[in-house]
């Protein structure tokens, strides 16, 4: 596709730096890459839908049965094109034996294609059969003809545009999976940190509760001690007061006793003298 020159910096050293840095921490540049590739895919899918509408408007309408048979021929064409592109790739890599095996598969598919074309030819008038029936490639939005030869099919399915969109779609799916895994990991880490914070808060609350309980117990103990001291002090005061009152009563009793003794002596002395 003629997209012009890329505005990004393409530097292998920067790529290596990024790969090293991304091992230490998540930079989430994959999100930017996903957005970038999704724009390509969205544009391609939009062109595909427009091309399909255009074909519906321009090509003669055929019955559902004929359309199904034509679709079968298209699918076999696509399979042949992919196999030929694969065989050419294997041959270029030097895998001649593998390439020969793929070409044998091509011959089998060609045989099936001839049978499918025969069924399609017999289902419609000869004049209509000669008309080129087009379909749109779901991968790169290019047009494919029902009567395309093997060379045209191989050029399409082995071409840079088709292979490039395959690579973009596969890369996009891989990036989405990577982003999803990283997001899940980040959510798990966030949940783990939240649980740890909640656990720490519970520990702090329990510590504060125990501290308050110890403080209340200390205050209760201090209050009991104060009451005990006050009680002992009051008891001592009462005992002291009781002893003081007892001594006072004893002194008063002794004083009264002495007073009565003195009064008796005074009353007996005159009678003696009188006698």
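Counting begins at 1 with the first residue displayed.
The backbone N, Cα and C atoms fix where each Cβ goes, and this holds for glycine too.
These features come from TrEMBL:
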COILED    59-119  coiled coil
COMPBIAS  183-203  compositional bias 'Basic and acidic residues'
COMPBIAS  210-224  compositional bias 'Basic and acidic residues'
COMPBIAS  225-265  compositional bias 'Basic residues'
COMPBIAS  266-275  compositional bias 'Basic and acidic residues'
REGION    183-275  region 'Disordered'
In the compositional bias 'Basic and acidic residues' (183-203), how many residues does DSSP put in helix, strand and coil?
21 helix, 0 strand, 0 coil
Just give the helix, strand and coil counts over the compositional bias 'Basic and acidic residues' (210-224), going by DSSP.
15 helix, 0 strand, 0 coil
